[in-house]
Amino acid sequence: MEMLQGVMEFQKNLAKDHAQVVPISVFVAVLCLCVVVGHLLEENRWVNESITAIILGCLAGGVILAVSKGKSSHILTFNEELFFIYLLPPIIFNAGFQVKKKQFFQNFLTIMLFGVVGVFISAAIITSGSWWLFPKVGFAGLNARDYLAIGTIFSSTDTVCTLQVLHQDETPLLYSLVFGEGVVNDATSVVLFNAVQKIDVTRLSALTPLNVIRDFLYLFLTSTALGIASGLLTALVLKTLCFGRHSTIREITLMVLMAYLSYMLAELFELSGILTVFFCGILMSHYAWHNVTYSSRITTKHVFAMMSFIAETFIFLYVGMDALDIEKWKMSKLNMGTSLGICSTLILLISVARAAFVFPLSALSNYMNRAHSERGSKITFKHMIIIWWAGLMRGAASIALAFEQFTFYGVTLDPINATMITTTIIVVLFSTVVFGLLTKPLINYLLPHPTTANDIIRERRYDNAREDMTLPLLSLEESATTNILRAKESLSMLMEMPVYTIHSYWRKFDDAYMRPFFGGPHPVNEQSPA
């Protein structure tokens with residue numbers, strides 16, 4: 001009898017496993033279809049991978065909805081923990097690993113203005129605007145924390161569409177700003193979202209904004225420090241133990257596991273895993289990548305890019321399927337007019353909030369870099385429009401934060417929360433598809449004449465000339481008068497070009513002390529994964 005019960009239990013488990021394998025197999029098949037269709041549309045720069053995945057997700061959701069007779073449109077249940085623990089780390093790490101570090105750090109101040117200060121401005125405008133306008137369109141029931149969360153949710157951008165149209169060699173400054181802001185923006189939005197969750201909405205006071213800024217700075221700085229420490233530790237271990245002498249697999253495995261460990265440690269200490277894994281990726285590509293064998297360098301570059309690609313496609317594919325989730329639409333209990341009013345309000349607030357910081361901060365950046373603005377480092381008005389447009393699209397981070405705020409493990413029984421989930425999905429779909437399709441014609445209209453080869457060569461010569469600023473402040477081999485004159489020139493250069501000057505002295509310190517200890521090529525032979 002006990003044996004019979006055991007056999008029946010085994011059959012039940014087998015049937016349960018089979019039921020789980022089928023939807024996963026279907027989802028993987030649709031992922032493969034996304035890859036094939038994306039390849040066929042490679043020459044058409046109007047449609048990128050995100051748009052392709054969303055459209056195929058909607059089509060697959062429609063088929064599943066028809067097969068299930070209107071019961072469900074997706075085969076997997078979205079879980080914000082799945083997103084933050086398994087899907088987001090490879091995307092952010094690869095962004096840090098592949099980033100063009102020279103351009104990124106030369107434009108670091110401007111990127112931080114857009115990615116940090118801009119998020120605070122955008123979140124404040126979207127929060128106050130939704131608080132004021134939602135009741136006017138017939139939507140009420142959200143509390144103070146919900147409105148604050150909405151501000152951070154819809155301040156997170158997705159610049160993939162714009163980056164696939166821009167050419168890094170033709171517009172290096174514009175590409176660097178859009179790419180850098182996209183990464184820093186996501187990290188800042190998540191950190192600010194976590195800081196908002198700590199607010200006691202029953203005791204709001206004039207000190208509340210200061211407490212939010214304090215919590216944000218703590219999370220930002222400690223998370224960055226943990227990422228830097230993880231990257232340096234990985235580089236030191238790889239250089240000291242020389243894994244490549246016996247097995248290239250071990251050194252690749254160590255890099256992957258250390259990157260993931262840095263993210264999990266940040267989450268364990270309630271820090272920002274996004275910031276940690278991003279700076280870990282930068283440090284690994286700058287030091288650790290040069291301490292492995294040549295075959296491992298090639299392998300890690302493509303493995304990290306592949307993992308990021310699969311994660312991004314998975315997310316957008318699910319977003320397309322979830323757009324047809326009939327249960328959430330039934331749960332919201334709002335008519336079409338109110339739903340359109342909410343979505344239109346959010347898109348308007350996103351556009352206004354974006355413009356409110358892009359144009360003023362661009363002007364501020366030009367003022368700070370006025371000493372060398374004539375050499376191609378000035379953000380023109382057309383560049384400002386493209387930067388503004390690039391940040392209008394919303395993506396996976398907004399979806400994940402909305403699920404974390406308004407659902408419990410992907411499920412909600414509250415009509416108000418269900419409305420916010422469906423609204424977020426609509427905004428993401430509309431911004432990604434509509435704004436994404438208009439990105440290429442807009443850029444071609446604003447930048448009709450790409451940079452010529454001579455202009456590119458001239459810009460690279462100027463970049464090389466800027467490296468001459470790496471002379472030491474003082475030298476024991478020269479006279480006191482020469483040292484004083486050099487110090488005055490350096491201080492003057494620091495006042496006129498602070499970012500470039502700091503970057504140049506960091507490069508000298510890096511070449512003299514960091515690379516010999518943690519690893520890396522000679523500056524003349526410098527290479528990077530990107």
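Cβ coordinates come from backbone N, Cα and C, glycine included.
Per TrEMBL, the features are:
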DOMAIN    30-443  domain 'Cation/H+ exchanger transmembrane'
TRANSMEM  20-41  transmembrane segment
TRANSMEM  53-70  transmembrane segment
TRANSMEM  82-99  transmembrane segment
TRANSMEM  111-134  transmembrane segment
TRANSMEM  216-237  transmembrane segment
TRANSMEM  272-290  transmembrane segment
TRANSMEM  302-319  transmembrane segment
TRANSMEM  339-364  transmembrane segment
TRANSMEM  385-403  transmembrane segment
TRANSMEM  415-438  transmembrane segment
What parts of the chain pack near the transmembrane segment (82-99), using Cβ distances under 8 Å and only residues at least 6 beyond its ends?
-> 179-180, 183, 186-187, 259-260, 263-264, 267, 273-274, 277-282, 284-285, 289, 300-301, 304-305, 307-308, 310-312, 314-315, 396-397, 399-400, 403-404, 529-530
Hey, does the transmembrane segment (111-134) touch the transmembrane segment (53-70), meaning at least 3 C-beta pairs closer than 8 angstroms, sequence gap 6 or more?
-> no
When only pairs 6 or more apart in sequence are counted, do the transmembrane segment (111-134) and the transmembrane segment (272-290) reach 3 or more Cβ pairs under 8 Å?
-> no
Distant-in-sequence neighbours of the transmembrane segment (302-319), which means Cβ under 8 A and at least six residues beyond its ends = 27, 30-31, 34-35, 49-50, 53-54, 56-57, 60, 74, 76, 78, 83, 86-88, 90-91, 93-95, 97-98, 160, 252, 256, 281, 395-396, 399, 425, 428-429, 432, 529
Apart from its near flanks, which chain residues at least 6 from the ends of the transmembrane segment (415-438) lie with a Cβ under 8 angstroms of it?
-> 46-48, 50-51, 54-55, 139, 141-142, 146, 150, 153-154, 158, 161, 316, 319-320, 322-323, 328-329, 331-334, 339, 342-343, 346-347, 350, 389, 392-395, 398-399, 402-403, 405-407
